[in-house]
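> Take a look at this one; I'll ask things after.
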Amino acid sequence: MGCALAKPTLATDATTAEVEKQLQEAQDKEQYQFKILLLGAGESGKSTVVKQVKLIYKGVVTAKEKEEYTSAIRRNVIDSMQTMLDAMESFGIELARPGSGDAAARVRGADAEAALSEALAADVTALWADEGLRACYERRDEFWLLDASHYYFEEAMRLAEPDYEPTDEDMIMTRIRTTGIVVTEFEDKPYSFSLVDVGGQRSERRKWIHCFDDVKAIIFLEGLSGYHQVLFEDTAVNRMHESLQLFEEVVKNPIFTNTPVFVFLNKKDLFEQMIVKTSLKVCFPAYDGPDGEVRPALEYIEKKYTEVMDKYCPGKGVNVHVVAARVRMDMKIAFGEVKEQIKAIYAERAGKKKKKQ
């Protein structure tokens, strides 16, 4: 006897249609969800970008977050001055003013985890006025020091006040080392964005692989001041050399072949101050541009990044933005442009996909 195949029932047709509808809705929804991976070496300014994005697009800082910022910036004050005093000892530089020695002893003996007292803040302020310490500060490229240390020293008395509450600028200038993975979500309706920040220090990079799924774009940060600075983890390694090597590792990863890449050359404000005193040749001996001029030096650094991209992803291109992440307007403009470019890229890809179907 022959076997007749059963005809699909109306119920089966309806189920198939419903599944296809749900799949299409999921695909349509995905077009409006963007995961952006924020990468860069330590001290490149990734955390500053995250803080600015929060303030720009979310605008609300909780009481708990303010408490965390208060504790952190007060630690930054003590840590930074202790680092300065250690560097003075290494360089054999003496404090110049009477009383500075006693102030230095009190700062050295302070527990960075303890609260910044007004008395200790006064010691920091006095030391910052000492000519010997200032001479050491001029050599900060020779040792590891937080970029915002001058801010902590100048604002120490205010930061130590009993009723102190952090301002937006204080929060931006606070250094909290990123450990693990920090995800910041915000909406720009109908779009939703997830900004994923992972620690930039070498010990943190092994965690990056866990963030690579479904990444719609990469923002890679380079701290421009790093051309004449060393790593926290290895004071024998130049920060900008490390950053370029890291960028190369990122762009040659096959998982990112079709992922748009944006480079933020950050800390332009510090770079503009440094390049007048120190030639780019200290980082790139082959640089033949004029010493002391900002624009040619920036163009040379930008070219270094475009050359890496052209080598591993010819024809793909890379979007470069020169910013000072601590400046709200800089970030509002740069991140806004990146956001719009990401939307346009994926809208175009979705349109091509529908045509093929």
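Sequential numbering from 1, following the chain as shown.
Note: Cβ is positioned from N, Cα and C throughout, glycine not excepted.
From TrEMBL, here are the annotated features:
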type: BINDING; residues: 43-48, 197-201, 266-269, A325; note: GTP binding site
type: BINDING; residues: S47, T178; note: Mg(2+) binding site
> Quick check: in three-state DSSP terms, what is D197 (GTP binding site)?
strand
> Have a look at the binding-site residues (G45, K267, D269) and report the one with the fewest Cβ neighbours inside 10 Å.
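Taking G45, K267, D269 as the binding-site residues, the minimal 10 Å Cβ count falls on D269.
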> Which one of these binding-site residues has the most other Cβ atoms within 10 Å of its own Cβ: E43, D197?
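Max Cβ neighbours within 10 Å, all protein chains included: E43.
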> Neighbour count, 10 Å Cβ-Cβ cut-off, for S47 (GTP binding site): what number do you get?
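Counting Cβ neighbours of S47 (GTP binding site) within 10 Å gives 22.
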